[in-house]
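Sequence annotations record features per position, and here Swiss-Prot assigns active site to K11, D136 based on sequence analysis. Among the features that Swiss-Prot reports, ATP binding site is placed at P94, M95, G96, G97, G98, I99, G100, G101, G102, S103, S104.
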Amino acid sequence: MHTLTLPAPAKLNLWLHIIGRRADGYHELETVFQFLDHGDELSFALREDGVIRLHTEIEAVPHDSNLIVRAARKLQEQSGTALGADIWLTKVLPMGGGIGGGSSDAATTLLALAHLWQLDWDEDRLAALGLSLGADVPVFVRGHAAFAQGVGEQLTPVDPIEPWYVVLVPQVSVSTVEIFSHPQLTRDSLPLKMRPVPEGNSRNDCQPVVEQNYPEVRNALNSLGKFTEARLTGTGSCVFGAFPSKAEADKVLALLSATQTGFVAKGSNISMLHRKLQSLVKKSSA
């Protein structure tokens with residue numbers, strides 16, 4: 001049985017400003033997404049009977065509610081294909097960590113199955129379908145670091161520096177709904193007028209609320225903050241700090257390992273998923 005194995009990379013919100021709240025309850029954001037060379041891995045095998053089967057169950061997530069299954073079925077339905085797939089997940093990224101695990105898995109599923117099912121779908125169409133699954137899915141479908149506006153779906157490619165990061169993973173899952181509904185959340189940051197998007201003098205507007213409500217996150221920020229500027233990604237719980245070399249990042253993580261769990265990863269403006277897909281295209285055309 002031939003299988004297609006692809007990564008589902010993590011992302012960081014290098015900063016995140018909330019500039020308003022819409023009538024439908026969603027928040028207007030401005031943020032910069034950058035990928036990490038670290039993530040989940042998914043394997044896909046073609047089925048002729050139309051069945052979508054995820055062989056790796058995730059605790060507390062019913063099979064039919066999993067974003068991987070939902071993405072596969074939505075693509076199947078909208079494309080009209082009679083084909084199905086067996087799917088296996090190697091889960092590395094934490095749930096509720098703010099590094100995009102579920103959204104990235106969904107995007108990898110869309111791109112993988114469009115390839116396996118030989119669908120004539122371009123990136124725009126896959127990204128639009130991805131948006132119906134979650135606001136962060138389109139950036140993973142497109143695979144380029146981006147300045148995002150709206151609810152996070154209006155994407156402009158950017159190329160920030162690509163440092164090494166220490167990412168700490170507090171052993172707590174932060175509820176995005178809880179954070180975005182919190183009365184003390186800043187919702188009136190001024191929209192950016194500058195282009196290109198500045199990299200300095202920024203923040204994550206969710207961070208004060210998360211720090212206040214999740215002491216594990218506050219402790220991680222304080223620990224990493226002794227070595228570099230530490231910041232929350234997304235609504236958390238993961239926090240990150242940048243370093244100029246892998247050696248320095250590894251050293252800091254080792255110093256924190258007695259009290260913190262985390263990993264070191266390279267920032268990347270082109271996702272490792274897209275680099276892998278590009279290599280597959282080159283092989284098939286060679």
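Just so it is clear, glycine is given a Cβ too, placed from its N, Cα and C backbone atoms.
Long-range Cβ contacts of S104 (ATP binding site) within its own chain (separation 6+, distance under 8 Å): A8, P9, A10, K11, G39, D40, L93, D136, F140, L273. Its own atom aside, the Cβ of K11 (active site) has 27 Cβ atoms within 10 angstroms in the protein chains shown.
Taking the mean position of the Cβ atoms of P94, M95, G96, G97, G98, I99, G100, G101, G102, S103, S104 as the ATP site, the remaining residues of that chain whose Cβ falls within 8 Å of it are A10, L93, G234. In sequence order, V172, S173, V174, S175, T176, G236, S237 make up the list of same-chain residues 6 or more apart from G96 (ATP binding site) whose Cβ falls under 8 Å from its Cβ. Of all the binding-site residues listed here (P94, G98, G100, G102), the one with the fewest other CB atoms within 10 A of its own CB is P94. Packing around D136 (active site) is summarised by its Cβ count: 27 other Cβ atoms lie within 10 angstroms of its Cβ, all protein chains included.
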